[in-house]
Amino acid sequence: MRLTIIPLVIPTEQQYLDLHKIWPDQSQHELTEILKTGEQFYAARFNERLLAAAKVSVDHHHAIIRDFCVREATRRRGVGLYLMQEIFRAHPDVEHWQFNFSHVLPQEKQHMQLFLTACGFNATIQPDVWEKQIGYLHEVK
């Protein structure tokens, strides 16, 4: 089976179990409530299991990605980059992306910064918030 990126509109019980492995500090109830606010979940799926996920809030031409996480056993295989690229493709009208990684453990922040640099993001004056401009002068990486 191949890796696919899917939006999670109404997660199944198995998907909630997988999401708990990705976001262990968030209960099924909390995730359900977040979905009700209009925030979108995207996940990387392989063999019917979720390996990575992210939350995306879109407001016209601006979007924020948060809680971006690839399960540790799956890291450094291109899953995160593919998830990021597909999130960008799902929202072609968004020109300004922000990535909030305040939830990342301190010992993993440097890895996240390297990943974001590879994805074309730049640091901002806000700690743990990076941004990327996409538009007719910029291309999706």
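Glycine too: its Cβ is placed from the backbone N, Cα and C atoms.
Because TrEMBL annotations are produced automatically, they should be read as predictions rather than curated entries.
Pulled from TrEMBL, these are the features on record:
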BINDING   Phe68, Cys69, Val70, Thr74, Arg75, Arg76, Arg77, Gly78, Val79, Gly80, Leu81  CoA binding site
DOMAIN    1-141  domain 'N-acetyltransferase'
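Secondary structure at Val70 (CoA binding site), taken from DSSP and collapsed to helix, strand or coil, is strand.
Listed in sequence order, the residues of the same chain lying 6 or more apart from Phe68 (CoA binding site) and placing their CB within less than 8 Å of its CB are Ala52, Ala53, Ala54, Lys55, Gly80, Leu83, Met84, Phe99, Phe101.
Of all Cβ atoms in the shown protein chains, 13 besides its own fall within 10 Å of the Cβ of Arg77 (CoA binding site).
Mean pLDDT, taken over the domain 'N-acetyltransferase' (1-141), works out to 89 on the 0 to 100 scale. Listed in sequence order, the residues Ala44, Leu51, Ala52, Tyr82, Leu83 complete the 8 Å Cβ shell around the CoA site centroid, once Phe68, Cys69, Val70, Thr74, Arg75, Arg76, Arg77, Gly78, Val79, Gly80, Leu81 themselves are left out.
The secondary structure of Arg75 (CoA binding site), as reduced to three states from DSSP, is coil rather than helix or strand. Residue with the densest Cβ environment among the binding-site residues Val70, Val79, Leu81: Val70, by other Cβ atoms within 10 Å.
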